[in-house]
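Feature annotation from Swiss-Prot assigns Mg(2+) 1 binding site to E91, D113, I115. Per Swiss-Prot, Mg(2+) 2 binding site is recorded for D113, D116, E282, and the stated evidence type is sequence analysis. Per Swiss-Prot, substrate binding site is recorded for D116, G117, S118, S119, N210, K276.
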Amino acid sequence: MSQRTLTQFLIEQQRKEAALPAQLRLLVEIVARACKTISHCVNKGALGGMLGNLTSENVQGEVQKKLDVIANEKLLEANEWGGHLAAMASEEMETIHLIPNRYPKGEYLLLFDPIDGSSNIDVDLSVGTIFSVLTAPEDVSGRAVTEADFLQPGRKQVAAGYAIYGPQTLLILSVGTGVYEFALDREMGSWVLTNERIRIPSGNREFAINMSNMRHWAPPVRRYIDECLAGTTGPREANFNMRWTASMVADIHRILKRGGIFMYPWDAREPDRAGKLRLMYEANPMGFLIEQAGGMAFDGNHRILDIEPKALHQRVGVVMGDRDEVKRVVQYHHDANLAKQTA
């Protein structure tokens, strides 16, 4: 049986009854092409001068890695000329990136985290690129795009995905018809379909969380993790393994393939901030993929894809993965809320 490339897959999606729009198909291909370029930069590493920090900080107040800036520029340059986008937004930029007047303007909005897990770059662990696509409001063709046009709940995404730069370079994609995996064939220069309609396996006893923050967690999160750590002698009557890479792409990829739960919850160090991860660049696209694969994505109390964003760089707590495990964490939050109300 011949291999199916990303282009062939997207054309097939375009021919179906609920057809993938041609402009969205072309946009996804351009994003995938940019990810190939970023993969090449990651692979060159120190030989290409890609490693190390810059003196600048991004809008999040984080010191930028060289590769953060390079990947951001690659995505901007690849996507601004195609005529498919009305504007772009990046985790690395304070404001939105308007399409230059010399290029035609399209009907979609692209958001991305150019390099997720960039703290892993210098130690040669997996990093990735996360992206999300929204439809621009109909009236943007006659006016300038604003940040408000991006502030749509995650359920309105029309496509989302990530590239993971590890032993293989993989592209994980959903256009609303399931989750598909493509591997970069470097000899062909093509993305080749390697796994289709991915479903999160149920019952895997693994959790991904940064245990060093345990003392700062809210009681429902602490309760869940304490029960996991108690193993066969605790209420779960099963042993659990912890996995943590400090790269959301790597941890979520493992959960899509093996099951389990990923958590980056609110903690008491910054009580006025809802969480660490960015809603628009990380939680929404990953939540979209997790739900398309049969899982659940909550902030602890609410479905992530239903959150109405108030700001472009809004942060949120994240609990996503196996449906049964996420339901348990959500129930613990509800129990804690009820206890507060009746106290």
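Glycine is no exception: its Cβ is also placed from the backbone N, Cα and C atoms.
Features as recorded by Swiss-Prot, highlighted on the structure.
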residue	record	CB count, 10 Å
E91	Mg(2+) 1 binding site	23
D113	Mg(2+) 1 binding site	29
I115	Mg(2+) 1 binding site	30
D116	Mg(2+) 2 binding site	29
G117	substrate binding site	21
S118	substrate binding site	24
S119	substrate binding site	15
N210	substrate binding site	15
K276	substrate binding site	19
E282	Mg(2+) 2 binding site	25
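In sequence order, D68, A71, N72, S90, E92, F112, P114, D116, S118, T129, I130, Y281, E282 are the same-chain residues whose CB sits within 8 A of the CB centroid of E91, D113, I115, the residues recorded for Mg(2+) 1 being left out. Each of N120, A246, S247, M248 belongs to the same chain as D116, G117, S118, S119, N210, K276, is absent from that list, and has a C-beta within 8 angstroms of the C-beta centroid marking the substrate site. Counting only the Cα atoms, the space from I115 (Mg(2+) 1 binding site) to N210 (substrate binding site) is about 19 angstrom.
E91 (Mg(2+) 1 binding site) has E282 nearby among the binding-site residues G117, S119, K276, E282, counting only those with a Cα within 10 angstroms of its own Cα. Geometry remark: D113 (Mg(2+) 1 binding site) versus E282 (Mg(2+) 2 binding site), CA distance 7 Å.
The record gives D113, D116, E282 for Mg(2+) 2. Within 8 Å of the mean position of their Cβ atoms, the other Cβ atoms in that chain belong to E91, F112, G117, G128, T129, I130, Y162, M248, V249, L277, R278, Y281, P285, M286. Residues listed for substrate, D116, G117, S118, S119, N210, K276, cover a largest CA to CA span of 16 Å.
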